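The structure under discussion appears below in the form of structure tokens.
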Amino acid sequence: MARVQFKQRESTDAIFVHCSATKPSQNVGVREIRQWHKEQGWLDVGYHFIIKRDGTVEAGRDEMAVGSHAKGYNHNSIGVCLVGGIDDKGKFDANFTPAQMQSLRSLLVTLLAKYEGAVLRAHHEVAPKACPSFDLKRWWEKNELVTSDRG
């Protein structure tokens, strides 16, 4: 299957962390999320990276392509999605695995070094959503994973 050619970002000013809003039992990856996004009418997966439950980091949309993950910010940001984020009843929950969080930290360190001056942001900072279901700043600074619907 030929990949869609997207406009390239001119700058990378932010790295957004998202969750897939899936239950812990749903071990999905880029293939499934791509399909969900296409079912919504998108041309491809909106995120640049997806981190599966086992900590595997999968490439989504080309890293330099404009993403589709944070309205109004896609032109100058990268989107990273953690699989999970809700419990079996559909409530927001920081149910991410230690392997996921280790992979997230490693990926973010790499991206922040690569894109000097980029800032780390949670999706809920720019949209009325609970995504990514945890307090990103607290986790980044103190390594404490705490469920949060607003950060």
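Glycine is no exception: its Cβ is also placed from the backbone N, Cα and C atoms.
If you look up Swiss-Prot, you'll see 10-132 marked as domain 'N-acetylmuramoyl-L-alanine amidase'.
If you look up Swiss-Prot, you'll see H18, H123, C131 marked as Zn(2+) binding site. Less than 8 angstroms from the CB of C131 (Zn(2+) binding site) sit H18, C19, A21, G85, A122, H123, H124, each of them six or more residues away in the same chain.
Sequence-distant contacts of Y47 (site 'Essential for amidase activity and zinc hydrate coordination'), defined as residues of its own chain at least six apart whose C-beta falls under 8 angstroms from its C-beta, comprise H18, I33, G60, R61, G67, H69, G79, V80, C81. Marked as site 'Essential for amidase activity and zinc hydrate coordination' by Swiss-Prot: Y47.
If you look up Swiss-Prot, you'll see K129 marked as site 'Important for catalytic activity'. Remark: K129 (site 'Important for catalytic activity') has H123 as non-local neighbours, by Cβ distance under 8 Å and separation of at least 6 in sequence.
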Take the mean position of the Cβ atoms of H18, H123, C131, the recorded Zn(2+) site. Which other residues of that chain put their Cβ within 8 Å of it?
F16, V17, C19, H69, A70, C81, A122, H124, A127, K129, P132
Assigned element (helix, strand, coil) containing K129 (site 'Important for catalytic activity'), judged by DSSP:
coil
